[in-house]
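Colleague: Feature list, courtesy of Swiss-Prot:
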- Tyr216, Arg299, Ser301: 2-oxoglutarate binding site (BINDING)
- His231, Asp233, His289: Fe cation binding site (BINDING)
- 200-308: domain 'Fe2OG dioxygenase' (DOMAIN)
Amino acid sequence: MPAVLSSVLSNITDFVVHEGNGVKGLADMGLEALPKQYVQPEEERITTSTVIVDDTIPVIDLSEWGSDPKVGDMNCEAAEKWGFFQIVNHGVPLEVLEEVKAATYRFFRLPAEEKNKHSKDNSPSNNVRYGTSFTPHAEKALEWKDFLSLFYVSDEEAAALWPSACRDEALTFMRNCDAVIKRLLKSLMKGLNVTEIDGTKESLLMGSKRINMNYYPKCPNPELTVGVGRHSDVSTLTILLQDQIGGLYVRKLDSDEWVHVPPINGAIVINVGDALQILSNGRYKSIEHRVIANGSNNRISVPIFVNPRPNDVIGPLPELLESGEKAVYKNVLYSDYVKHFFRKAHDGKETVDFAKIN
């Protein structure tokens, strides 16, 4: 083993986390075996025995949304029964999708010292964060992923703080998704018989946004690790753009079986987050999902997390309780909920139980 590689493997946390090389830095060294720090327990790896190959999440064509009320009904049904669905003919131009994917590659191809300017130790703002894995300090086994996380405050702050390699494309993607986000949330509220979205509800549903750029390098021994471990999102909705490589798996409702989310050119994946599960009193389901590592290809994805504001209190919507439903969840300060999620390793649906009424 070359001396440089031997030195890196003996100080992986420094190389990957503190020096900003990420797992891309490891992959670029041509590793032939997965470092032990990334070997996941067997129960956290996906196996062929737990995957259903002839089933997948719904694909909903939005082209007739304005004229066919069934389209809105299909969105609500998918949110209830799957918590995940893909949308096509959504109005976001294909070139916008392609440009933000290209910008993601452009950022991660920057030298490590350039990317590391945005790390937890070096970034001038908590709203811009480059990192690796999920919570390296809390994980027994690391995840095979690097990421850039950008919390949106204003165009002015983005212009000042977001990396120039991907800033404009990230903002354009977010802006182009705004109309479909609002329409989806309005449709999902209608399914709960909530007909008016006032200022308070608008804040609860979409008061803040974060866009991530995820990079999953080609991996030696991909069957021993994960790109992302089992989790559900803390958002109201997540709007996900994935590339053509594949690897996203979703747990079927009330099952231990998983289905693959096949890439569809031009499609956007939508999933319900914990905040919407709580607001809907459990009607809409925030579902566990995970990403496998790939031994042949690099993979990217670009999620937009649509969230309440940090100082919002989330709980079942009053309209649901007024109609006689019993509250399944207590009221929780959203920032407390998010802190609970980020202080530990990925652990399936444990976070939403934090808000359950016992």
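Even glycines carry a Cβ here, placed using N, Cα and C.
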Colleague: What mean pLDDT does the predicted model reach across the domain 'Fe2OG dioxygenase' (200-308)?
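Modeller: So the average pLDDT across the domain 'Fe2OG dioxygenase' (200-308) works out to 95.
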Colleague: Any same-chain residues 6+ apart from Asp233 (Fe cation binding site) with CB under 8 Å of its CB? Would you list them in sequence order, or say none?
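Modeller: Result: Asn271, Gly273, Asp274, Ser286, Phe305.
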Colleague: What are the other residues, in sequence order, whose C-beta lies within 8 angstroms of the center of the C-beta atoms of Tyr216, Arg299, Ser301 at the 2-oxoglutarate site?
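Modeller: For the 2-oxoglutarate site the neighbour list reads Lys145, Asn214, Tyr215, Gly227, Gln242, Asp243, Ile245, Gly247, Val291, Asn294, Asn298, Ile300.
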Colleague: Among the binding-site residues His231, His289, Arg299, which residue has its Cβ surrounded by the fewest other Cβ atoms within 10 Å?
Modeller: His231
Colleague: CB neighbours of Ser301 (2-oxoglutarate binding site) within 10 A?
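Modeller: Cβ-Cβ neighbours of Ser301 (2-oxoglutarate binding site) within 10 Å number 25.
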Colleague: My understanding is the cutoff is Cβ-Cβ under 8 Å with a sequence separation of 6 or more in the same chain; which residues meet that for Tyr216 (2-oxoglutarate binding site)?
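Modeller: Result: Trp144, Lys145, Gly227, Gly247, Val291, Ala293, Asn294, Asn298, Arg299, Ile300, Ser301.
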Colleague: Per DSSP, what is the residue tally for the domain 'Fe2OG dioxygenase' (200-308) in helix, strand and coil?
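Modeller: Secondary-structure composition of the domain 'Fe2OG dioxygenase' (200-308): 16 helix, 43 strand, 50 coil.
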